[in-house]
Each structure stands twice: as structure tokens, then as C-alpha cells.
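**Q** Got a structure for you, questions after.
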Amino acid sequence: MKIGVFDSGVGGFSVLKSLLKAQLFDEIIYYGDSARVPYGTKDSATIKQFSLEALDFFKPHEIELLIVACNTASALALETMQKHSKIPIVGVIEPSILAIKQHVKDKNTPILVLGTKATIRSSAYDNALKQQGYLNVSHLATSLFVPLIEENVLEGELLETCMRYYFAPLKIFPEVIILGCTHFPLIAQKIESYFVEHFALSTPPLLIHSGDAIVEYLQQKYALKKNVYAFPKIEFHASGDVIWLEQQAKEWLKL
């Protein structure tokens, strides 16, 4: 099965990594709109337009399924993309909510949603969680993480300063953290360590990773089996510097 994976930049690598590990597909076309990253600071109309242009990119490739590996595009443009497409298009929000339902049974569990300004402003996660009966949901726009990750700043004082800026004011410890941007799993261990150290925790918070969630979702929805395609063909495309994107993929995905 030939599929496409679309993200605003390198954040979709976290989803791609989970897909490669699961070995669900034999061919993957990855498109990163790196010339216009980040999406999270842009308005809804612009995000929809960029997402439709990404959809146009995939048409000559004759893919059978498209994964929108961008929370901002999933929150604001998924329905628009689906209306303009004859193939199935899957976002990352619904799979993450299903993962919450599977792993978090107590509806009063404190849940923190991290995301870009656009994703948080859309209330997509908040509304979906409330529809499932979760009552203790808070959110935090952490958009500054995106440019840091795009520049491969995955550790060090700059990242620590950024985490302190966002997390130090928190008064309630979240038992569950939704990484509501596909860039964020690339610093998941740092986020987990911050909460363990600064909240003096014996048990780290449960991090919901959209990459792992979407693998479970695809298996259930399309009856896909793991470990079928050990060496899928992967093509990388970008609106910006594709050589840079390929270099980042080799480093982060160990290709």
C-alpha cells in the first residue's frame, strides 16, 4: 500500500518513525512544507490554503491514503482536505483521543494539552476530550518549541529555558500530557524529565504520542497488520530545501 505523510516540516518524522517501526506500508511519500513552517502561528484561512496545496502535491503520486501528520492542519484543515479528496485522509487528533480512551479510565484525571497557538486556539482537543467525558482538561500553547526543533535544538540550556518559561507557572501537575504537535515527541524525554524533576515525581506523566496513536488507529480502522514490510520505499519532498530535509531524516530516523 502506497501512502503519503504530510507535515509543515520535520515534526511529521515522529509519525513516520512510528509507521516505519510498525512496518505497515510498502511505500511512503513524505512531504514537508518546510518553506512555510511553522503553521501554528498562521490564521485558519492560510492553514487551509497551504493544506489544500499539499493535497495537490500528492495527486500525481497516486497514493491510497494520506496521513496529515500535523496537529495544526488536522485541527483546522482536515475536513476541508477530505471534501476535496477521493482517497481517505487521516489526521492525528482522533487517534490521540482514542489512545486517551484506552489508557485513561478516570474521567477526572488532570490532562494537559500542549500545542501550537493555532491548535490550542481551535479548541479541537478540548472539545473532543469533553465529548468523551473528560472533565479536568487544560491547555498550553508552546509554539516556541517548533522553531527550536526545526533547528535541531533538542537539548541544552536554550530548550531548558523554554520549558521553564512554559511549565514553571503551572500550579497543578498533569497526570497525562498530550503532545499536540508532531514536533513535540522529538523532545518527549526532555519534557518528561522536566516534570519529574521540577514536580518531585516518583511516576512520570503519561505522554500521548500521536505517532504511536495513529499506528493503533490505522490497524483498527483498516485492518492493517504489523511487521509486513520490513524495508519500505521512502521518498522525501519539500517546498523548501529537500536535501536538508533528507539529512534531518537520516539523523533522526537513522535511515
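Cβ coordinates come from backbone N, Cα and C, glycine included.
Fair warning: this is a prediction, and the values are worked out from it, not measured in the lab.
I grabbed these lines from Swiss-Prot:
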type: ACT_SITE; residues: Cys70; note: active site, proton donor/acceptor
type: ACT_SITE; residues: Cys181; note: active site, proton donor/acceptor
type: BINDING; residues: Asp7, Ser8, Tyr39, Gly40, Asn71, Thr72, Thr182, His183; note: substrate binding site
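Let's see these features in context: how buried, what's close, how far.
**A** On its own chain, Cys70 (active site, proton donor/acceptor) has Phe6, Asp7, Ser8, Gly11, Gly12, Tyr39, Val92, Thr182 as residues at least 6 apart in sequence with a Cβ closer than 8 Å to its own Cβ.
Sequence-distant neighbours of Cys181 (active site, proton donor/acceptor): residues of the same chain at least 6 apart with a C-beta under 8 Å from its C-beta are Gly11, Gly40, Asn71, Thr72, Leu114, Gly115, Thr116, Thr119, Thr142, Phe145, Val146. For the recorded site, Cys181 (active site, proton donor/acceptor), the DSSP three-state label reads coil.
Under the DSSP three-state reduction, Thr72 (substrate binding site) is assigned to helix. Other Cβ atoms within 10 Å of the Cβ of Thr72 (substrate binding site), summed over all protein chains shown, number 34.
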**Q** Return the count of C-beta atoms lying within 10 angstroms of the C-beta of Ser8 (substrate binding site), excluding that atom itself.
**A** 32
